[in-house]
Amino acid sequence: MSEKHLFTSESVSEGHPDKVADQISDAILDAILAQDPHAHVACETVVYTGTVNVFGEISTSAYVDIAHVVRETIKKIGYTDSENGFDYKSVGVHVSLVEQSSDIAQGVNEAEEVRDKNGQLVDPLDLIGAGDQGMMFGFATNETAEYMPLAISLSHKLVKKLADLRKSGEISYLRPDAKSQVTVEYDNNGKAKRVDTVVISTQHAAAATNEEIHDDVINKVIKAIIPAELLDDETKYFINPTGRFVIGGPQGDSGLTGRKIIVDTYGGYAPHGGGAFSGKDATKVDRSASYAARYVAKNIVAAGLADKAQIQLSYAIGVATPTSINVETFGTGKVSDDELLAAIRKVFDLRPAGIIQMLDLLRPIYGQTASYGHFGRTDIELPWEQTDKANELKAMLEK
């Protein structure tokens, strides 16, 4: 008997310690951008029992009450009771923020392309150099309506459903910390066939019984989210498999900004360049170029030019023009990858300033991305999720 073709992805809830840290970092970023759209921000957060540490480098004219932003973010997530060992009222907030390095700033504020012109007129979109070197990936597939791999899409929706049920009071014993994991079986043609395994661990009140947790999660979460045709008698369910999950959140484990980069992106289905997103303004190509790469990939697939598309971008610090652009369609392209690459260069400006202008990234829009994924979101409007370039790409390649 042949082996099944299985692929697994996971997600975590907004109350997971690492996601608490991400949301704090992005809430601070948004608060600064609301006053100073051109601020340079690299804000990191550590959370643990009773304590939040905020540190990093920020250059801005804005004044933000960091401690207030931290407490409001924790409150919004749902850590409102001291019995959780971490709540917005009593948490200690320690802030250590300094100005961005002048060595980095000189390359971001004036790209190499500008410095090499010796005072001559230059393209305004050459003004901003990449905030660091590195490579970034974007991916899209027609496997789901949101152009995301099925396993990560379902994983996000499961933990989001848990949060919705908790916040509405429908399941009153739920607490903020939770994780999900979904294993999808594929057929020999690479098409998603069924859900093989679902794992959900959710923090709960001490009074909740294992039986009621199991029944509620199966009936009100899993069956409400995963289409019935993907579940069968062979699907395996693991609900709080350790037995109990009362101690959770930052009381149970420390959290750090940028430690859930696979959850943030494609659930391991596509490569990751290694750079985290949260707490970084758009001059940091770790973030903005990853968004641009997703935008390119999604428009390719939405145009019907490929069933799957993967884009790699790379940059040198202080240089505006990407050092490389790579396209891979895994044999599903309706035109060659070389033709796609030529069209991408004409349709998308992938210099940092070009990306910022194209996606309007100087706005305080980042806090909403810090939980439940940066891509494939249908509950919020994100500029890199638009498919407004699909027709232009298609028309160019049909000539």
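Cβ coordinates come from backbone N, Cα and C, glycine included.
Swiss-Prot lists His16, Asp177, Ala178, Lys179, Arg244, Phe245, Asp253, Arg259, Lys260, Ala276, Lys280 with the feature ATP binding site. Taken from Swiss-Prot, the feature Mg(2+) binding site applies to Asp18. Per Swiss-Prot, the feature K(+) binding site maps to Glu44. Feature annotation from Swiss-Prot assigns L-methionine binding site to Glu57, Gln100, Asp253, Lys284; the stated evidence is sequence analysis. Positions annotated as region 'Flexible loop' by Swiss-Prot, on the basis of sequence analysis: 100-110.
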Integer average pLDDT (0 to 100) for the region 'Flexible loop' (100-110)
59
Among the binding-site residues listed here (Glu57, Ala178, Lys280), which has the Cα closest to the Cα of the residue listed as 'Mg(2+) binding site'?
Ala178
Roughly how many Å lie between the Cα atoms of His16 (ATP binding site) and the residue listed as 'K(+) binding site', rounded to a whole value?
16
Counting distance between Cα atoms, which of the binding-site residues Glu44, Glu57, Lys284 is nearest Arg244 (ATP binding site)?
Glu44
Return the residues near Asp253 (ATP binding site), defined as same-chain residues 6+ apart in sequence whose C-beta is under 8 angstroms from its C-beta, sorted by sequence, else 'none'.
Pro17
Nearest by CA distance to Lys260 (ATP binding site): which of the binding-site residues is it, out of Glu44, Glu57, Lys284?
Glu44
May I ask you to report the DSSP-based helix, strand or coil state of the residue listed as 'Mg(2+) binding site'?
helix
Ala178 (ATP binding site) falls, by three-state DSSP, under strand
Around the Cβ of Lys280 (ATP binding site), other Cβ atoms within 10 Å, all chains included, total 27
Which ones in the same chain are close to Lys284 (L-methionine binding site), with CB under 8 Å and 6+ residues apart in sequence?
Ala42, Gly131, Asp132, Gly275
Reported as an integer number of Å, what is the Cα distance between Lys280 (ATP binding site) and the residue listed as 'K(+) binding site'?
9
Among His16, Asp177, Ala178, Lys179, Arg244, Phe245, Asp253, Arg259, Lys260, Ala276, Lys280, recorded ATP binders, what is the largest CA to CA distance in Å?
36
Can you tell which of Asp18, Glu44, Glu57 has the least company, meaning the fewest other C-beta atoms within 10 angstroms of its C-beta, among these binding-site residues?
Glu57
Listed in sequence order, the residues of the same chain lying six or more positions from Ala178 (ATP binding site) whose CB sits under 8 Å from its CB are Val12, Ser13, Gly15, His16, Val159, Leu162, Ala163, Ile200, Ser201, Thr202, Gln203
Whole-number Å distance separating the Cα atoms of Glu57 (L-methionine binding site) and the residue listed as 'K(+) binding site' is 9
